[in-house]
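What follows is a structure written as structure tokens; I'll ask about it next.
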Amino acid sequence: MLPPGRNGTAHRARLGLQRQLAQVDAPGGSAAPLGPAQVVTAGLLTLLIVWTLLGNVLVCAAIVRSRHLRAKMTNIFIVSLAVSDLFVALLVMPWKAVAEVAGYWPFGAFCDIWVAFDIMCSTASILNLCIISVDRYWAISRPFRYERKMTQRVALVMVALAWTLSILISFIPVQLNWHRDKAGSQGREGLLSNETPWEEGWELDGRTENCDSSLNRTYAISSSLISFYIPVAIMIVTYTRIYRIAQVQIRRISSLERAAEHAQSCRSRGACEPDPSLRASIKKETKVFKTLSVIMGVFVCCWLPFFILNCMVPFCSSGDAQGPRTGFPCVSETTFDIFVWFGWANSSLNPIIYAFNADFRKVFAQLLGCSHLCFRTPVQTVNISNELISYNQDTVFHREIAAAYVHMIPNAVSSGDREVGEEEEAEEEGPFDHMSQISPTTPDGDLAAESVWELDCEEEVSLGKISPLTPNCFHKTA
């Protein structure tokens, strides 16, 4: 986002002046040739920008092309996220990359507009990530209410609010100059000479030395709260609760699998052997935890260092000879710029994290012309997707389990019949516990089998599609 405000120093001003004089005095009046470090920097930043563009364009194209993807309300938020990341790659990254390689800001008065774009696009990207986490939590914790309430209109209103807030904290303060530290900009300590103030030495031949801006403390803290700290707190809460819900559902459904496998083993072999379902359940829980850790870990690692520095810089003191050092120590411009690019790099990772579930991958394969190469063998994976967690497994073994359920679980009976034959049923149930009882209201008596098919036998099933279970381990009906 916004580069750091600096209490300018004479040393930095002299370096900028010397660099620009060297460029002006180059043979033929042209800029000096790029050094090895500049070439490497240009190559890396170009790759980052191109990857960000291609990844987010591919996400948008996949949703536009696929009717199935367009039908999901969640993908409205994915599109909004991809658009905000596209804007980062188009309106923010290229200009800063040129300035990094050139060593100065060559675009003059465009600086203020670029700063506004920077704040707007970065804030919109983060707010969209927050909305996705809230959307997934609602879908998983209250699925039936979510299906009724989460309409296209509601989704568009949520997206509009995110973009409106991003514009309000960017263009209005920047264009009205509310974001600058006026005292700092008027009273720079650094002088090019004993009489030349920093601002007058900031430009040479119409070329601005830098596009940095001194943020006032109020704007730095308030914008950081809105753009990062409040959204990240919401994301931590929602993903923690999602993990707990997923853990409960995985364990309940796994108990049905263990009961079926145990009974099948006892009847076929005449002896009961331990089954691997418990280990599989633990593996699934571990994968869910890893998935959520990746989502939060990537986001926090990319943005947290920048926003810590963004709040520290307005309070830092350069410790010049004119006064004692107070507040936080200032950070170097290079350090700050590195963390700025770390934050922007999050826009290149979002397409991988949020749009790489099986549904998206199929459309990606069609768009790229590699459908046969990408989907030859089913591999058990946990995908980070727009619906958060997806299991994609080979279903042969689970079809056998479902068939065992169909043959082994007794048909549903009325409450009167259950009281009469309670003792006989208890003997026939064998290893089945109370968690595997069939509810009297079950229409088919095969609800347990359906739950297994729902979890393991669909091509792509996510926690967003798993309905909450009743205390008897059956899905609620609307």
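Using the three backbone atoms N, Cα and C, a Cβ is placed for every residue, glycine included.
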Membrane-wise, does Swiss-Prot list ARG65 and SER214 on the same side?
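That fails: Swiss-Prot puts them on different sides.
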From the disulfide entries in Swiss-Prot, identify which of CYS60, CYS130, CYS211 pairs with CYS111.
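Swiss-Prot lists the disulfide between CYS111 and CYS211.
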With respect to Swiss-Prot, which of the residues ASN7, ASN194 bears the note N-linked glycosylation site?
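ASN7, according to Swiss-Prot.
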If you count, for each of the recorded positions CYS111, CYS211, CYS370, the other Cβ atoms lying within 10 Å of its Cβ, which residue has the minimum?
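Counting other Cβ atoms within 10 Å of each of the recorded positions CYS111, CYS211, CYS370, the minimum falls on CYS370.
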What's the CA-CA gap between CYS370 (S-palmitoyl cysteine) and CYS211 (disulfide bond) in angstrom, rounded?
44
Reported in the order helix, strand, coil, what are the DSSP residue counts of the topological domain 'Cytoplasmic' (65-75)?
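So the topological domain 'Cytoplasmic' (65-75) is made up of 7 helix, 0 strand, 4 coil.
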